[in-house]
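Engineer: Structure provided below as structure tokens; questions to follow.
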Amino acid sequence: MSQEISRNWPAPAKLNLFLHINGRRSDGYHELQTLFQFVDCCDQLDFRVTDTPELILHSTMSAVVADSDNLILRAAKSLQQATGFNGGAEIWLDKRLPMGGGLGGGSSDAATTLVALNRLWNTQLSHDELAAIGLKLGADIPVFIHGFAAFAQGVGERLQAVNPAELWYLVIAPDAHVSTAAVFQDPLLPRNTPKLGLDTLLSQPWANDCQELVVSKYPQVAKALGWLLEYAPSRMTGTGACVFGEFSSQQQALAALAKLPSDMQGFVAKGMNISPLIVRLNRP
């Protein structure tokens, strides 16, 4: 018998407060040092457990993604396979975050799926076990599963909890799709930033090693960042295209948003060192 719908599981966006590329490994992946922080803007997912093993996804996204490529369904299937759970789930995604903008929305959706279904299926895997499943699907997924702001190293899987200031951000989503794979394959991408200790990294100005390359290739990103820099310290998150400015108060961030040119899209968000997903998980 199908159960009631379990509602309002958040999948928050993340920002890379800094992103340094330290080298390329023999397997083609890049060694990184980055600082992840969540924000309070989220996709929302609902789940209903079913007796049969089918996995069904309903989404508000206009773009159709093949089931085999959809991270939410791949995450649910991976949890089934890892645990031997013989039921399934019906899943509803309310997609609110920009896609492909460096905010981690797809990875966050997959992480929320793993965490929520682990609870609802009563499969009782630890966060570390869920993160190991998630890492096979995407390097950003473990940080969303663990749910704390983190200094990440390696390909992004080695995490250390940190507590950066929970500032207010104005995030602008330029009308551009930046391919993460293309950025990391570009010969002009800096790959030799020295590895530094966390205390040193936290005390120096923060930067994104991908930013100069992306700005040079995407005029929309350059325009958004140039506008935002007039109001606040600003930089790109991930490989873009989204950029963010830092404000000490919501009022300041909203005042800047009110001046946003009509051809740009943006939103104000609060930095969070504990993910809204963890808050939801701790509810009955």
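Backbone N, Cα and C define each Cβ position, glycine as well.
Pasting the feature list from Swiss-Prot:
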ACT_SITE  Lys14  active site
ACT_SITE  Asp140  active site
BINDING   Pro98, Met99, Gly100, Gly101, Gly102, Leu103, Gly104, Gly105, Gly106, Ser107, Ser108  ATP binding site
Engineer: Hey, of the binding-site residues listed (Pro98, Gly100, Gly102, Gly104), which one tops the CB count within 10 A?
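Structural biologist: Its Cβ has the most other Cβ atoms within 10 Å: Gly102.
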Engineer: Given the binding-site residues Pro98, Gly102, Gly104, Ser108, which lie close to Lys14 (active site), meaning Cα to Cα within 10 A?
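Structural biologist: Those near Lys14 (active site) - Cα within 10 Å - are Gly102, Gly104, Ser108, in sequence order.
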Engineer: To the nearest whole angstrom, what is the C-alpha distance linking Asp140 (active site) and Gly102 (ATP binding site)?
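Structural biologist: One finds 11 Å between the Cα atoms of these residues.
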Engineer: Using DSSP, would you call Gly106 (ATP binding site) helix, strand or coil?
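Structural biologist: Once the DSSP labels are grouped into three classes, Gly106 (ATP binding site) ends up as helix.
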Engineer: These are the recorded positions: Lys14, Gly106, Ser108, Asp140. Which one scores highest on other Cβ atoms within 10 Å?
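Structural biologist: Its Cβ has the most other Cβ atoms within 10 Å: Ser108.
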